[in-house]
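Down below is the structure, laid out as structure tokens.
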Amino acid sequence: MSDIFYRPTWAEIDLDAVAYNIKQMKQKLSSSSNIFAVVKANGYGHGAVKVARAALEAGASALAVALLEEALELRHSGINAPILVLGWVAPDYAKIAAEHDITLTFFQKEWLQELQSHMFSKKLKLHMKWDTGMGRIGIRKDEELQSLVSALKSTEKVQLTGIYTHFATADDTNSAYFHEQQKRFQQLLEVFEKLWDAPIDIHIGNSAASIRFSSEMYDYIRFGIAMYGLYPSEDVRNEKSIDLKPSFSLYSRLIHVKNLPKNESISYGATYVTNGSEWIGTLPIGYADGWIRKLQGMDVLVDGKRMPIVGRICMDQTMICLDKEYPVGTKVTLIGKSGKDEIEMDEIANYIDTINYEIPCMISERIPRVYKKNKLNLS
Ligand SMILES: *Cc1c(COP(=O)(O)O)cnc(C)c1O
């Protein structure tokens, strides 16, 4: 998305907040633990390249993404930090990863064997994934670990640089299943240590695990949602063990304001009818921007005051009910602070029955991201 935009609807990304959140996390971690800044899905919708640069400057030492495409985007923008792909990449493309010094995740013997038929000149770095209870990807049993390690030893041009697992319930106050996964990880690690003596990096924690069990995090943490200033869950938020600053705000401007008498209807289906004389404002944002129809009835902030979305949200426009007349061009806050009030990502998420992670991912690329950064230098 270019820096020039003509429609007055934009997201503001506060990179100083990203840096602040990394520093808060660093203070909790033991000094031997480093940070993977997780910037998959275009940096959870915040902009992968910009967030990656800010995170590295603020003290993260590596990056993690979900797809090879995402890793390549970072490399092509000139970022030289280590990059780990967390998802599965077809062995056919391992060569591309090796050429760009991108670390891949593996957990299948057949996958390693496939590599033999794809010759590549540079060594491919690999992290092995262990499924200790997430049930998604990774090896689960001792036998799988043994056969994977022996396949690894007979595969040329690869270098094991890490092992990791992922927790399913680290964000829950009830830690029983978290500890069960930790136990399984420990058991696999004992087996592994008998088979392998070269140094490798170990990482197990996402944001929730890293915040709640900071001292148990081995060499790296995989820091995603909390880096963006969002709490991994209500439980983690209530524990108040870390202070996070949100980094994503969403703004628009009134493009039309009118006074309607009683009994006039608004938008498709004429589902909203004015109760009396009402000031109605129109915003240039709609469901094609990820501002989905389910947000009908949600508040926005005008001049620090809450005003409801009325009538159905259209593809490109949304109507709100104003408390009085405002000039065209008045700034409207859909996510973020205005005056003394704030609409948090969590409030939007609760309103549409989902988690905060989904909201910035859902705000489409049609909405330009504008970056705010005072404390750091960003090229
Ligand atoms: C997305 C992801 C993370 C980051 O999780 P957060 O909860 O956002 O911190 C960590 N590890 C893996 C494997 C992931 O897929």
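Numbering starts at 1 and runs along the chain as displayed.
Placement of Cβ uses the backbone N, Cα and C atoms for every residue, glycine included.
Feature annotations, reproduced from TrEMBL:
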type: ACT_SITE; residues: Lys40; note: active site, proton acceptor
type: ACT_SITE; residues: Tyr268; note: active site, proton acceptor
type: BINDING; residues: Arg136, Met315; note: substrate binding site
type: DOMAIN; residues: 247-372; note: domain 'Alanine racemase C-terminal'
type: MOD_RES; residues: Lys40; note: N6-(pyridoxal phosphate)lysine
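Overlay of TrEMBL feature records on the structure.
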{"residue": "Lys40", "record": "active site, proton acceptor", "contacts (Cβ under 8 Å, 6+ apart)": "Ala48, Ala64, Val65, Ala66, Leu67, Glu70, Leu86, Gly224"}
{"residue": "Arg136", "record": "substrate binding site", "contacts (Cβ under 8 Å, 6+ apart)": "His166"}
{"residue": "Tyr268", "record": "active site, proton acceptor", "contacts (Cβ under 8 Å, 6+ apart)": "Gly311, Arg312, Cys314"}
{"residue": "Met315", "record": "substrate binding site", "contacts (Cβ under 8 Å, 6+ apart)": "Gly286, Tyr287, Ala288"}
Give me the mean pLDDT over the domain 'Alanine racemase C-terminal' (247-372), rounded to a whole number.
-> 98
Is Tyr268 (active site, proton acceptor) helix, strand or coil when read with DSSP?
-> helix
